[in-house]
């Protein structure tokens, strides 16, 4: 029993039948599992990574995220806010959605730094901090996903029902929709929190992130339903574009639009699927009998996996600026005008304009069905 407790203290799982009884040792009264080399060999022998190996892998992935994805998400979302606000007199309905989406994504990207440095999942051991972080992240997670879903629906309505929806797709209704989305995001977080908090007031280790009902709601309302709506809307958009371009024969324009649609759906699915699969596996597993209440969290048992899926989910907020704005002609033109206004050096203007064209070439095709940055 002493050996098992020491092994668990080092993050090693001991199962019946995985280790044979050691031969009697007359030179040492007990087996010293505190030695790092012996602990690592035991971990490797059972097919698991040692705590040090998990830390190194998590640190490496965190460095990759911080160096490559975080700057794209942080700078990209700030540029979306600054450029669109600078041209507020020319702001369109999709621009309003872009601004609100950028706000939610920017907060998520900033919060991701906390997760990057949370390699040992320390804040999950502090009930107040764990609950606060979970509430803050869920509000912005829901708002980001809800805005992506609503933008997909709005794009389909704009393309397929252009004549009928002209009276309803106004800036006033767009602002109202943004307000309702933020209210829905807050309600989807605070209402379950209030309900479950009343049931767990006597638990010292209660954390909002570990409540099964909340996790089921997060998987359903934060992934399954939005992905189904996004997939349905963009499949209908594809059908509209195929019909429109089939009569005009503009295949390059159609292929560009279809590639952007494919990128939108794939990025959302790839980034959010690991997080929701991780939560679903936890929900489908039964809690081990006799486990301490504070150690029943699935993240305690699999800290490295939890760290990886969190970084993947944050990556969606980093990639959204590239997909929704920088790949769109409207925003690129606004960005070029913004650079020209803020800089007085003609050479610098020409360099920035050439750089934008080199990275994302302009499209010269024309079409009656405009598939702009609002896709």
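From the backbone N, Cα and C atoms, a Cβ is placed for every residue, glycine too.
Features of the protein shown, as given by Swiss-Prot:
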- 130-207: disulfide bond (DISULFID)
- 25: N-linked glycosylation site (CARBOHYD)
- 32: N-linked glycosylation site (CARBOHYD)
- 44: N-linked glycosylation site (CARBOHYD)
- 1: N-acetylmethionine (MOD_RES)
- 1-66: topological domain 'Extracellular' (TOPO_DOM)
- 88-96: topological domain 'Cytoplasmic' (TOPO_DOM)
- 118-127: topological domain 'Extracellular' (TOPO_DOM)
- 149-175: topological domain 'Cytoplasmic' (TOPO_DOM)
- 197-217: topological domain 'Extracellular' (TOPO_DOM)
- 239-260: topological domain 'Cytoplasmic' (TOPO_DOM)
- 282-307: topological domain 'Extracellular' (TOPO_DOM)
- 329-375: topological domain 'Cytoplasmic' (TOPO_DOM)
- 67-87: transmembrane segment (TRANSMEM)
- 97-117: transmembrane segment (TRANSMEM)
- 128-148: transmembrane segment (TRANSMEM)
- 176-196: transmembrane segment (TRANSMEM)
- 218-238: transmembrane segment (TRANSMEM)
- 261-281: transmembrane segment (TRANSMEM)
- 308-328: transmembrane segment (TRANSMEM)
Contact call for the transmembrane segment (308-328) and the transmembrane segment (128-148): at least 3 Cβ pairs under 8 Å, seq gap 6+: yes
Within-chain partners of the transmembrane segment (67-87) [C-beta distance under 8 Å, separation at least 6 from its ends]: 95, 98-99, 102-103, 105-106, 109-110, 112-113, 116, 314-315, 317-322, 325-326, 331, 334-335, 337-338, 341
For the topological domain 'Cytoplasmic' (88-96), the number of residues DSSP places in helix, strand and coil: 7 helix, 0 strand, 2 coil
